[in-house]
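Student: Pulled from TrEMBL, these are the listed features:
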ACT_SITE  LYS11  active site
DOMAIN    68-146  domain 'GHMP kinase N-terminal'
BINDING   PRO96, VAL97, ALA98, GLY99, GLY100, MET101, ALA102, GLY103, GLY104, SER105, ALA106  ATP binding site
ACT_SITE  ASP138  active site
DOMAIN    206-282  domain 'GHMP kinase C-terminal'
Amino acid sequence: MNSVTVRVPAKVNLQLAVGPLRGDGYHDLVNVFHAVSLFDEVTAVAETGMSVRVEGESADQVPEDDDNLAIRAAVALARHAGRSYGVSLAIRKAIPVAGGMAGGSADAAAALVACNELWGLGLPLEDLMEIAADIGSDVPFALLGGTAVGTGRGERLTPLEAAGPFHWVFALADGGLSTAKVYAECDRIRAEEGLPVAEPRAAGALLAALRDGDAKALGAELTNDLQSAALRLRPSLAATLEAGRGHGALGALVSGSGPTCAFLAASAAHAGELAGALRDAGVAREVLTAHGPVPGPAVV
Ligand code: ATP
């Protein structure tokens, strides 16, 4: 096989509970990931060296060198196989860059699936999951798709039952937010408040709403402990969230570390109306609709 193309979805966090800062600089998380129908595409072509090209949504903000997460994934897979494979990767981005929707992690997961196929390695998902966890804490979920709860740094995953489909609207902002800076701001806010920080726990009502496919209950349970930090760094997001709530969103939150805002709608038709209202309100660079949960990366 000379070329393999893999389509991979973005994620939104339905619950992102951030525990106290640990001695190693990380936080224990409870991270309910939900894969949505907004896709990047990664094409792997057999080559002697390793290279990557990026086109599409905010492509100019994505590195085309060894820092690219898809290249890091290909290098890690070749190392795991103990061979000096080469590949040329072409990434077509639709997932917002540095948008809190794990686009880079998605590309890394897609590269693992594509190169596993291209190089005829036939590694099982468990092996790819181990390699994925070394690349970044959101990469294992990007390999899995669907809906899952992540603990630890988010990389220890348990798949969740989710009836769905749930209908989403995403408001994309101008420019990204650095995940590291948002966590640092969250720590700063907590230090100012001086209150004890609880150990993170999955919300039972959220898990029940997912199982039952109850969008209204799910909307009421969406939470993100990084939201106040993202809002401090990007105050304009408050108006975006308010506009969605004002137009009947069942729930509204910043996705992951932001700045993308996610709104849960009652139906596909409601998502279309809500998207139109957000565009008219001028509170986002671009507004997209999607549904979830969707499966993880797939060869197309
Ligand atoms: P998360 O939700 O996991 O915090 P994010 O969606 O906020 O992530 P990404 O789009 O994954 O952020 O990108 C974060 C940074 O990673 C970007 O600023 C970019 O420089 C770098 N990066 C490396 N490889 C990629 C890639 N393939 N796609 C996007 N960004 C990449």
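Residue numbering: from 1, along the chain as shown.
Just so it is clear, glycine is given a Cβ too, placed from its N, Cα and C backbone atoms.
Heads up, TrEMBL stuff is auto-annotated, nobody curated it.
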Student: Going by DSSP assignments with H, G and I as helix and E and B as strand, what are the residue counts for the domain 'GHMP kinase N-terminal' (68-146)?
Tutor: 46 helix, 8 strand, 25 coil
Student: What whole-number Å value do you get for the CA-CA distance of GLY100 (ATP binding site) and LYS11 (active site)?
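Tutor: That separation, Cα to Cα, works out to 8 Å.
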Student: Setting PRO96, VAL97, ALA98, GLY99, GLY100, MET101, ALA102, GLY103, GLY104, SER105, ALA106 aside, what same-chain residues sit with their Cβ within 8 Å of the center of the Cβ atoms that define the ATP site, listed in sequence order?
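Tutor: Near the ATP site, beyond PRO96, VAL97, ALA98, GLY99, GLY100, MET101, ALA102, GLY103, GLY104, SER105, ALA106, sit ALA10, ILE95, GLY256.
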Student: Including all protein chains displayed, how many Cβ atoms other than that of ASP138 (active site) lie within 10 Å of its Cβ?
Tutor: 27
Student: Which one of these recorded positions has the most other Cβ atoms within 10 Å of its own Cβ: LYS11, GLY104, ALA106?
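Tutor: Selected residue: ALA106.
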Student: Where ligand 1 binds, which of the recorded positions LYS11, PRO96, GLY100, ALA102, ALA106 are close by, with Cβ under 6 Å?
Tutor: GLY100, ALA102
Student: Given the binding-site residues PRO96, GLY100, which one has the fewest other C-beta atoms within 10 angstroms of its C-beta?
Tutor: PRO96
Student: Just the number: how many Å between the Cα atoms of GLY104 (ATP binding site) and LYS11 (active site)?
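Tutor: Just about 11 Å between their Cα atoms.
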Student: For each of the binding-site residues (ALA98, ALA102), count the other CB atoms lying within 10 A of its CB, then report the residue with the highest count.
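Tutor: Of the binding-site residues ALA98, ALA102, the highest Cβ count within 10 Å belongs to ALA102.
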Student: Can you break down the domain 'GHMP kinase C-terminal' (206-282) into helix, strand and coil residue counts using DSSP?
Tutor: 45 helix, 11 strand, 21 coil
Student: Three-state secondary structure of LYS11 (active site) from DSSP?
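Tutor: Where LYS11 (active site) sits, the three-state DSSP reduction gives strand.
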Student: Round to a whole number and give the Cα-to-Cα distance in Å for the pair ALA106 (ATP binding site) and LYS11 (active site).
Tutor: 9
Student: Which ones are near ASP138 (active site): of the binding-site residues PRO96, ALA98, ALA102, which have a Cα within 10 Å?
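Tutor: Matched binding-site residues: ALA102, sequence order.
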Student: Could you please provide the mean pLDDT value for the domain 'GHMP kinase N-terminal' (68-146)?
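Tutor: Across the residues of the domain 'GHMP kinase N-terminal' (68-146) the model's pLDDT averages 96 on the 0 to 100 scale.
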